[in-house]
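> Once you've had a glance at the structure underneath, I'll fire off some questions.
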Amino acid sequence: MRVEGIQRNWKQWWIWGILGFWMVMIYNVRGNLWVTVYYGVPVWKEAKTTLFCASDAKAYDAEVHNVWATHACVPTDPNPQEMVLENVTENFNMWENDMVEQMHQDIISLWDQSLKPCVKLTPLCVTLHCSNRTIDYNNRTDNMGGEIKNCSFNMTTEVRDKREKVHALFYRLDIVPLKNESSNTSGDYRLINCNTSAITQACPKVSFDPIPIHYCAPAGYAILKCNNKTFNGTGPCNNVSTIQCTHGTKPVVSTQLLLNGSLAEEEIIIRSKNLTDNVKTIIVHLNESVEINCTRPNNNTRKSIRIGPGQAFYATGEIIGDIRQAHCNISRTAWNKTLQEVGKKLAEHFPNKAIKFAKHSGGDLEITTHSFNCRGEFFYCNTSSLFNSTYTPNSTENITGTENSIITIPCRIKQIINMWQGVGRAMYAPPIEGILTCRSNITGLLLTRDGGTGMHDTEIFRPEGGDMRDNWRSELYKYKVVEIKPLGIAPTKAKRRVVEREKRAVGIGAVFLGFLGAAGSTMGAASITLTVQVRQLLSGIVQQQSNLLRAIEAQQHMLQLTVWGIKQLQTRVLAIERYLRDQQLLGIWGCSGKLICTTAVPWNSSWSNRSQEDIWNNMTWMQWDREISNYTNTIYRLLEDSQNQQEKNEQDLLALDKWQNLWTWFGITNWLWYIKIFIKIVGGLIGLRIIFAVLSIVNRVRQGYSPLSFQTLTPNPRGPDRLGGIEEEGGEQDRDRSIRLVSGFLALAWDDLRSLCLFSYHRLRDLILIAARAVELLGRSSLRGIQRGWEILKYLGGLVQYWSLELKKSAISLFDTIAIAVAEGTDRIIEVIQGIWRAICNIPRRIRQGFEAALQ
């Protein structure tokens, strides 16, 4: 009894030991994490890249921005898409935005391009004999106070050795006296730029009215947009969307006042890099526009003056009517209300202090006045009357004036413009004929704050300007460019099967706007959108190439490829290079054409000790990328080393005879091949059986078919030399044997005719009977054939059913046999192991019995 109990206990311990061993193995297998590569994850990083532009410019427009946009920009998308990124917070900084620098360089190149084919006015650096413009006719007034000078000078004609005296009108701001004389007197003058910079005359048919320009990111990059209505330009933004192109930005060149821009959606926004630093410019974004109407009332005429062969200088010829000063009109009520709101917002940043607005403290004319372009004429308007008020917090007084009154600010006009792009460059703007009127909207202010410690209870703000980057920054403050990083790495429990020959799927490739649509989702939720994101990346590249080809085709008639065309090519090449670089990495890692690629690289807990559930259920791809960014290069190197080792192992394995490794016989690939060969053999046997059955049926049909015999004997008529029947013959004699003996020509002819008719009748009757018999036999044969065909089909159906049952029985028998063999083999193995174990367990007892026997 004790022996049986010991055996039973050992058997239980053996079973529990096996179960525990397999549980430990399963736990170890499940506990390991492996590096998995994902292609198309919503991850990005801040980047600087070449942007291209889109515009609605027309090729036939002569306006300078349109000319530039036609040559450089692709058509705008009629249905722009914007994808909101849920649960995403992104940092923006309008003061360190590369988009602003790019737009600045683009506008500089725009102006340079517009002046490149125009006339250089170096020959105009001559002595000008000028006097104040006088009134030649009655009933005309001149309130300009010597603002316009009537100058005469000698100029070279078409023939270089001949000169002639010409007259032209110049603004006083464009000329300086040669001697220390008052500019109000008559005397000798020169153009203001002759001792400082070269001057180029703007082409006469070109104006400077801007059109909206959209900046677009190339494929592989995206533009993030902050949609917070009170965003001040810096810091985090929790309402982010991704777009392909910005809104249309008008490149308006102006100082002090921002014109024709976008408006704040809710309240006035104050933006500055550092409000406590009085050197930094303050950009005020208005929520309501203030209309400003500017007019040059003088009805000017323009005349052309020859300054050399093939060169013409355009100057003001005459002023028709009164000579009046240019000016701008602003509604006093609207302006005072706006300034009141601006003062209120500034007081929030400077509490317990009065906010005072004052005129500019001094400097160049371009920054001390509100300078802008009006239909080709450059205005410089004095804004002292606009910025001359004080806002006191908690005061009942408002900055208001007479209701419905108008603020009129005087303006001066210059034709020689110091280019804002750089020092030492100037441009001559030809006079525009007729009366000029411009209507614009003030959408922002450029201010600066006085420093020092003079007034502790008052902050003085003055209009500022001059750096056109602030103009572009006021429109591009809510955008930033990011680079898409479609390659993601994360730990999973799936491991790559190694040292196997596999057919890799052909790659499908990789805008664009839906690409980052899952950015705020968890990693597990975002991974299901990889296919869509990868396809949109490739479609973005293709779409950009298509747009580029259309843009080049539009300018093909002029055979021009300016710097803008080069930028387009750069963006195209950049997008393709990024795509190829990602595909190269996937190829090096053995992941070509795969969106999710398992690897044989184990995950190191030093990279991240988070659990798999925590990573995939609680983190976004952006958060995960930031966490492992320091180890990305290390993981990339390990992936490359693993793939190299994998390829080396495959090469070594393929070098051996595959039949030497019997284990490969039981691989799933070989079993599929065995099944395919078996199906082919069975199909061949069934086909042979069908062929022999058909041949047998045909043979039987042929044996049972007896056609009408054409050898049936018919009674032949006896000849005239044949004897009659014997005497014993009885019965009626045949008609052939009746021979009529006729004589005479008519009788013979009649007999022959009768014989011919009878012969024809009998032959025709026989032919009809044969045809009827043939038709009858053919019908019977056809019916018999249809019946036999139906029998053949039934036979084939039965044959197929029989063989299917046989195959089913064979398969069931095969599986039963395998199951029985496996069960019996398992039982035998268990019995052998139990026997060995019992033998081992009985060794002490046998030794004891041996000692007992020896001692006895």
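Each residue, glycine too, has its Cβ placed from N, Cα and C.
Pulled from Swiss-Prot, these are the listed features:
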COILED    626-660  coiled coil
DISULFID  CYS53-CYS73  disulfide bond
DISULFID  CYS118-CYS203  disulfide bond
DISULFID  CYS125-CYS194  disulfide bond
DISULFID  CYS130-CYS151  disulfide bond
DISULFID  CYS216-CYS245  disulfide bond
DISULFID  CYS226-CYS237  disulfide bond
DISULFID  CYS294-CYS328  disulfide bond
DISULFID  CYS374-CYS438  disulfide bond
DISULFID  CYS381-CYS411  disulfide bond
DISULFID  CYS591-CYS597  disulfide bond
CARBOHYD  ASN87  N-linked glycosylation site
CARBOHYD  ASN132  N-linked glycosylation site
CARBOHYD  ASN139  N-linked glycosylation site
CARBOHYD  ASN150  N-linked glycosylation site
CARBOHYD  ASN180  N-linked glycosylation site
CARBOHYD  ASN195  N-linked glycosylation site
CARBOHYD  ASN228  N-linked glycosylation site
CARBOHYD  ASN287  N-linked glycosylation site
CARBOHYD  ASN329  N-linked glycosylation site
CARBOHYD  ASN388  N-linked glycosylation site
CARBOHYD  ASN618  N-linked glycosylation site
CARBOHYD  ASN630  N-linked glycosylation site
TOPO_DOM  699-856  topological domain 'Cytoplasmic'
> Compute the C-alpha separation of ASN287 (N-linked glycosylation site) from ASN228 (N-linked glycosylation site), stating it in Å without decimals.
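ASN287 (N-linked glycosylation site) to ASN228 (N-linked glycosylation site), Cα-Cα distance: 14 Å.
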> I'd like to confirm something. Which of the recorded positions, CYS125, ASN150, CYS194, ASN329, ASN388, has a Cα closest to the Cα of CYS294 (disulfide bond)?
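With Cα distances computed to CYS294 (disulfide bond), the winner among CYS125, ASN150, CYS194, ASN329, ASN388 is ASN329.
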> Going by Cα-Cα distance, pick out whichever of the recorded positions CYS151, ASN329, ASN630 is nearest to ASN195 (N-linked glycosylation site).
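Nearest candidate: CYS151.
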> In whole Å, how far is CYS151 (disulfide bond) from CYS125 (disulfide bond) when you measure between their Cα atoms?
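About 13 Å separates the two Cα atoms.
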> If you count Cβ atoms within 10 Å of the Cβ of CYS597 (disulfide bond), leaving out that atom itself, what do you get?
19
> In angstrom units, rounded to an integer, how far apart are the Cα atoms of ASN630 (N-linked glycosylation site) and ASN618 (N-linked glycosylation site)?
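Just about 21 Å between their Cα atoms.
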> Sorted by position, what residues of the same chain at least six away from CYS130 (disulfide bond) have a C-beta under 8 A from it?
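Long-range Cβ contacts: LYS149, ASN150, CYS151, SER152, PHE170, ILE175, SER186, GLY187, ASP188, TYR189.
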> Please name which of the recorded positions listed here, ASN228, CYS328, CYS438, is nearest in space to CYS118 (disulfide bond), Cα against Cα.
CYS438
> Is it possible to get the count of other C-beta atoms within 10 angstroms of the C-beta of CYS237 (disulfide bond)?
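Its Cβ has 20 other Cβ atoms within 10 Å.
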> Select the closest residue to CYS237 (disulfide bond) from the following recorded positions, measuring between CA atoms: CYS73, ASN132, CYS245, CYS381.
CYS245
> Filter the recorded positions ASN132, CYS203, ASN388, CYS597 down to those whose C-alpha lies within 10 angstroms of the C-alpha of CYS53 (disulfide bond); answer none if the list is empty.
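So the list is empty; none.
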